[in-house]
There are 2 protein chains.
Amino acid sequence: MPQLSREELDDIYAFAINLGTSAGKILLDAAKSRYGDDRPEERAHIEKENAVDLVTQTDEDVEAYVKSQIAQKYPSHKFVGEETYSKGASRDYLINEEPTWCVDPLDGTVNYIHLFPMFCVSIGFIANGKATIGVIYAPFLDQLFSACVGRGSWLNETQPLPLVRNPVPPLPVTAPSGCIFSCEWGKDRRDRPDGNMHRKVESFVNMAAEIGGRGGKGGMVHGVRSLGSATMDLAYTAMGAFDIWWEGGCWEWDVAAGICILQEAGGLVTGANPPENPATAPIEEARLGSRLYLAIRPAGPSPTESGRQGQERTVREVWRRVRDLDYSRPGA
Amino acid sequence: MPQLSREELDDIYAFAINLGTSAGKILLDAAKSRYGDDRPEERAHIEKENAVDLVTQTDEDVEAYVKSQIAQKYPSHKFVGEETYSKGASRDYLINEEPTWCVDPLDGTVNYIHLFPMFCVSIGFIANGKATIGVIYAPFLDQLFSACVGRGSWLNETQPLPLVRNPVPPLPVTAPSGCIFSCEWGKDRRDRPDGNMHRKVESFVNMAAEIGGRGGKGGMVHGVRSLGSATMDLAYTAMGAFDIWWEGGCWEWDVAAGICILQEAGGLVTGANPPENPATAPIEEARLGSRLYLAIRPAGPSPTESGRQGQERTVREVWRRVRDLDYSRPGA
């Protein structure tokens, strides 16, 4: 495929920021229609019938809006969205070398239903198979995260990411101790010893337990956080607020924008499942579509190692403590 | 003790809102000094030496500021703050019938160190032993939660809580299924089968697991959230974003403001530890200072029960699934 020029990319980036902001506003307006003071009778009806249906409708409306805006401005670009995909015939990974928009109109759907502020729209633009532009907008928090390859990562277009950056702090020598560990319980709650829930919980407890505990696997992380949005998890890892994010089960539209923002900020993203030898296995960039992710925040050098070395050391320490998760693609 | 008049209370409320907002601004300014573009050399030094010391200093500074402002305006009122308490000789519960300010200058300290936005100042005012005024300000999010007995609960002084309120939705018939469950891993990470970490994790897994799982204890909650701030957990429960918050180990200054805001919004707060007979035990208001809390969001009536009945039903369903936690007062 022909490379996009710098100017073309910058145009697409500006368009994506506007699109993310206006799509987020639609989400927020729909949320406010549930608690505004107008038309109480209609609202009573809506809440009683099914807040979930209302949210599903908003989800679909926002995806249709985003898709049509893109089709109008860039008719030659491909579009992969959560709603389109769920209703489509194929369960394959649909992203190839063509310029492709990868969009989640509403990440953190459960949060949105309950009006917990950690929900957002996620717009990724992929060129030659690589996440090249990312825009995440959380309208209730009015937080906009954005990045374009070569242009850095930003909060609200004014604050470069990671926030602490002159210099960017190294990862703790004792990582995962001293780190904030971000993880999610997910939807797979089957109570089977070898199910994903129990594999996750065993991993969480290893990361949390005191040093020396759990047969040497205790990681004594500084904190365990669960927000209910993979996209927000990635955004806060790019910001430097979370040191480690480990998750299985998300889709490419949940993470395309976030991975771009994380990488452009200097973060690392690889696979969640530990390789046979965590101490020596190569640390490869996560494949979009793999559904299994381990992200490490941007890190600066310490007197004894580069930022990248600190990130790789942290990856290996996480791999040593987590179990492999079982999230294959339905069509694979 | 003489009752405070409506006018006196309203004056104290207005003062507390101003105080919380200005204290929060000090927190945010100190955070920004860690990532601003001025004096990079000084900042490099600070980050390298110890972000934790810097935060401890800010914590103490903000408490000193809040304490002095109160002493100036209300010299007869008592003051109980986290920093004062930790350095004091007594580990007793220090709140009696006198008008008392109960203040956490910085809740979510670990978040603040890492610059994850879920940190806040918490200012509670207690009259005749009861949380009467509460102000929580999260400056990074610019979210102000406030309440005064008889005046309702508010977000940013303009939006009444809970957000969805015309009508306030009932709790799900299937609760805890359908609910967002807020909980924290805490600092006690001892890897002992009967330690608090394992008791908590067992409870979390019961709440999360599929219906029918865990020997009938599976609660299939809609989501599990951990923010790392008891105060923010309570604020979001008052908002209606979280349905259930269950936690042990927090202190009165972590929860005094939040309990006032939750109760004034129509929420219920009782003890975290299950009584001998969860199905029939009386549901008593949590004692401030008990360190063990179970909070349920504001709830409206359904065709078959009152809001309070739905809350009590949910309390019993949680008690049936959680283990008792061991957090006594050090001086008790």
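Heads up, the Cβ atoms here are built off N, Cα and C, so glycines get one too.
TrEMBL annotations: computationally assigned, not manually curated.
Feature annotation from TrEMBL assigns Mg(2+) binding site to B:Glu82, B:Asp104, B:Leu106, B:Asp107, B:Asp254. What TrEMBL records for B:297-316 is region 'Disordered'.
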Which of B:Asp104, B:Asp107, B:Asp254, the listed binding-site residues, has fewest other Cβ atoms within 10 Å: B:Asp254
Entry from the binding-site residues list B:Glu82, B:Leu106 having the most other CB atoms no farther than 10 A: B:Leu106
Secondary structure at B:Asp104 (Mg(2+) binding site), reduced by DSSP to three states: strand
Helix, strand and coil totals (DSSP H, G, I; E, B; other) for the region 'Disordered' (B:297-316): 10 helix, 0 strand, 10 coil
Remaining residues near the recorded Mg(2+) site, that is with C-beta within 8 Å of the centroid of the site residues B:Glu82, B:Asp104, B:Leu106, B:Asp107, B:Asp254: B:Val103, B:Pro105, B:Gly108, B:Thr109, B:Val121, B:Ser122, B:Thr231, B:Trp251, B:Trp253
Secondary structure of B:Asp254 (Mg(2+) binding site) (DSSP, helix/strand/coil): helix
